[in-house]
Amino acid sequence: MADPGAESEPLLSGARGGGGGGRDCPAGSPGCRGVPVGPGAEARRALCFDQAVVFIEDAIQYRSIHHRVDSSSLRLYRWYYSDACQWILSLTIFLILFLAFIETPSSLTRTADVRYRSAPWQPPCGLTESIELLCLLVFVADVSVKSYLVGWAEFWKNLWLQAYLLVLVVSLLDWTVSLSLVCQEPLRVRRLLRPFFLMQNSSMMKKTLKCIRRSLPEMASVLLLLALHLCLFTMFGMLLFTGEKKDDGQAQERLTYFRNLPEALTSLLVLLTTANNPDVMIPAYSKHRAYAIFFVVFTLIGSLFLMNLLTAIIYNQFRGYLMKSLQTSLLRRRLGTWAAYQVLCSLSAEGGAAAQGVGVKAQDVLQVLHKVQLAGSHKQAIVEKLRSYGGDMMSADEFQKLFHEFDKRVIKQHPPRPEYRSPFLRSAQFLFSHRYFDYLGNLVALGNLVSICVFLVRDADVLPGDRDDFVLGILNCIFILYYLLEMLLKLFALGLRGYLVFLSNVFDGLLTIVLLVLEISTLAVYRFPHPGWKPEMLGLLSLWDMTRLVNMLIVFRFLRIIPSMKLMAVVASTILDLIKNMRAFGGILVVVYYVFAIVGISLFRGVVVAPGNSSLALDNGSAPCGSFEQLEYWPNNFDDFAAALITLWDVMVVNNWQVFLDAYRRYAGPWSKVYFVLWWLVSSVIWVNLFLALILENFLHKWDRRSHLQSLAGDPEAPYQMTVELLFRDVLEEPTEEELLAELSHHPHLRLRR
């Protein structure tokens, strides 16, 4: 239980008056005071340190400081945000989302093709429900701890926590209904609510979702203009293609693509994505050249102007709202460090340090820093700065600047190279650590790749059993020996730590070791290459399989050339940064996929049947060319969760998505088009454009700063950390001291004495 008296007293205090304007804490209004000496004073001092530690950790993680700050609550708070608890929570979220693959309808079949699919495994009633109940109980504990830590007043202000509680109540009620009906209920509402657990656990996903919601009005204006464009050209097309003769090009166009209003609208909507171009134009264009004008003008206005305008608006508006969200994150970071300063300042005042000046003791900051969970590079940089103060007092500005290290990119310093006394060894070290030695390695890798290509072209029409792998086997041995020699020489020149600091060296070294093991295994099983070298299969893999595996790894190893080309290196590092920082955007896509897949299963499960089992399913011989049946798209169905995900992916790519629209119109009804058009809007139009916006921002940032980073790191290959927050860091505004004090004054558990 928390000590009620601990929060009844002002835990922070600061004055607006005085020459400092609230900049430093007055000695007469300490925040953690209460008992000047004795065991009570030590307890107060420990509480102040714990508060400062938690506030700094909140600043590091961009968390809100509006939570309880008494001693028991702080212990619970740090335990909740420990790696173990967060790992358990993440595992629980993954587990409850993964249940969709094994619960009815199960995805545990070899194929999704309705013609060859065997009966899926049906889990017994209560198996997946038991796992789900355990997950829900973990979430109940999670929301209980969160609600307690923020307090009842903050709970009613936090819509996410209220929604969290509501989703849990609905899920538990629906779970009870499932057991009451012996798992035979027609719809499980809680399956649609599961992605919420993923969203509420990620602050960046919440920011992204908020930015998308605020960007929707601007997107809607262009979408309405796009809808108007579609409607006008649909009516114009139906009036234009009204042929009277059966063999007329107009009649063929009308009967194929403009038979009625829904068909015409669908045809032009698909043409907007260019998926059915030029098929939709050919019947009329083959009759008269002038008909091409209609389709060219439609594509110019819709695909080239309106769709790209929508991309520009999404990029501009989303970037603006994302920057606002990140500005709030920066305020949280500065607020956390400011609150820590105020707490430590009260310790200095209590200890009689006012005679030495106002501020905090460097020794107190150092003691707090040792308890803070912080990356080693950042902590080391802050400790080095702290030691420069000695026993002096730190002002508020100095304290804030001390923690500006959080905002800096992490640039790994190269460890010192081995020192050799022999002039010959020093010359060899210089030679094998020079970039020209890397260029030689790239040239050798290129030669290896060319040799593989030559043999692939030469033996393209030769069966694997008839090939003579003697020359290629000898070449592979030579190249692998060179790769091994190159790795050993670099280890000699750079040392083990210096070798491992380069990601390209780690990549090369791992592949070289794997290649060496494979080559030794090949020689041990099939002996040394000789003319006519094609022995029978021994062990698990044939000689051809072993050679093919080695060659695949050699081709993959050629990626080592990327760091040597500056533009290619910038593009590659942009991709890597995107992969690292796409958790929020990828999480939003997972949520959208999950919800649409569950809805698709509810709407279209079982509607696609194998040919011969229904009058709607045509066999391949009688199906029209380009139809669902003729193209054998049978695995694209919504009979289970995994199949639904792949079907949604195929539609998102929009290649041949008119085939899905037509097939599900025939199998499920014309209303099915609404589902697929909504999916196209959400996935291809909105999310893909958001992804494009992030790619542009990340690449431009990398391109503009590559020279500066090279000068800082001293090497173009020096790795550094890039996050979404750092991406916009230079354009964010620092919060003023008045804003920080005003925000602290509204803290529900901290009261400033004015």
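Each Cβ is built from the backbone N, Cα and C atoms, and glycine gets one as well.
All annotation found in TrEMBL is predicted automatically rather than curated by experts.
Feature annotation from TrEMBL assigns domain 'Ion transport' to 89-318 (among others).
Per TrEMBL, domain 'Ion transport' is recorded for 434-699 (among others).
The region 'Disordered' feature in TrEMBL is assigned to 1-25.
Residues 57, 61, 63, 108, 123, 128, 131-132, 135-136, 138-139, 142, 145-146, 149, 191, 194-195, 197-198, 201, 590, 594, 597-598, 641-642 of the same chain sit 6 or more residues outside the transmembrane segment (79-102) yet have a Cβ under 8 Å from a Cβ within it. As annotated by TrEMBL, transmembrane segment applies to 79-102 (among others).
Below 8 angstroms of C-beta separation, residues 88-89, 92, 95-96, 99, 102-104, 106, 164, 168, 171-172, 175, 178-179, 182-183, 190, 197 of the same chain, each at least six residues beyond the ends of the transmembrane segment (123-141), sit close to that stretch. Feature annotation from TrEMBL assigns transmembrane segment to 123-141 (among others).
With a threshold of 8 Å between CB atoms, the same-chain residues lying at least 6 positions outside the transmembrane segment (161-183) that come near it are 104, 125-126, 129, 132-133, 136, 139-140, 143, 146-147, 150, 155, 189-190, 193, 196-197, 200. Summarising the annotation, TrEMBL assigns transmembrane segment to 161-183 (among others).
Per TrEMBL, the feature transmembrane segment maps to 222-241 (among others). Tertiary proximity for the transmembrane segment (222-241) is limited to same-chain residues at least six positions away from its ends with a CB under 8 Å from its CB atoms, namely 250-251, 253-254, 257-258, 261, 264-265, 268-269, 272, 284, 291, 294, 298, 301-302, 306-307, 309-310, 313, 681.
According to TrEMBL, the feature transmembrane segment maps to 290-315 (among others). A Cβ distance under 8 Å defines the sequence-distant neighbours of the transmembrane segment (290-315), meaning residues of its chain 6+ beyond its ends; these are 215, 218-219, 221-223, 225-226, 229-230, 233, 236-237, 240, 249, 253, 268, 271-274, 277-278, 280-281, 284, 685-686, 689-690, 692-693, 696.
The transmembrane segment annotation in TrEMBL covers 436-458 (among others). Using a Cβ-Cβ cut-off under 8 Å and counting only residues 6 or more beyond its ends in the same chain, the transmembrane segment (436-458) has close neighbours at 471-472, 475, 479, 482, 486, 489-490, 508, 551, 554-555, 557-558, 560-561, 564.
What TrEMBL records for 470-489 (among others) is transmembrane segment.
TrEMBL lists 501-526 (among others) with the feature transmembrane segment.
According to TrEMBL, the feature transmembrane segment maps to 546-563 (among others).
Positions annotated as transmembrane segment by TrEMBL: 584-604 (among others). Within the same chain, residues 97, 100, 105, 187, 191-192, 194-195, 198-199, 202, 204-205, 207-209, 212, 637-641, 644-645, 647-648, 664, 667-668, 672, 675, 679, 682-683, 687, 690-691, 694, 724 sit at least 6 positions outside the transmembrane segment (584-604) and bring their C-beta atoms closer than 8 Å to a C-beta of that stretch.
Residues annotated as transmembrane segment in TrEMBL: 674-696 (among others). Remote same-chain residues near the transmembrane segment (674-696) are listed as 208, 212, 219, 223, 269, 273, 307, 310-311, 314-315, 318-319, 574, 578, 582, 585, 588-589, 592, 596, 599-600, 603-604, 648, 651-652, 654, 657, 660-661, 664, 724 (criterion: CB distance under 8 Å, separation of at least six residues from the stretch ends).
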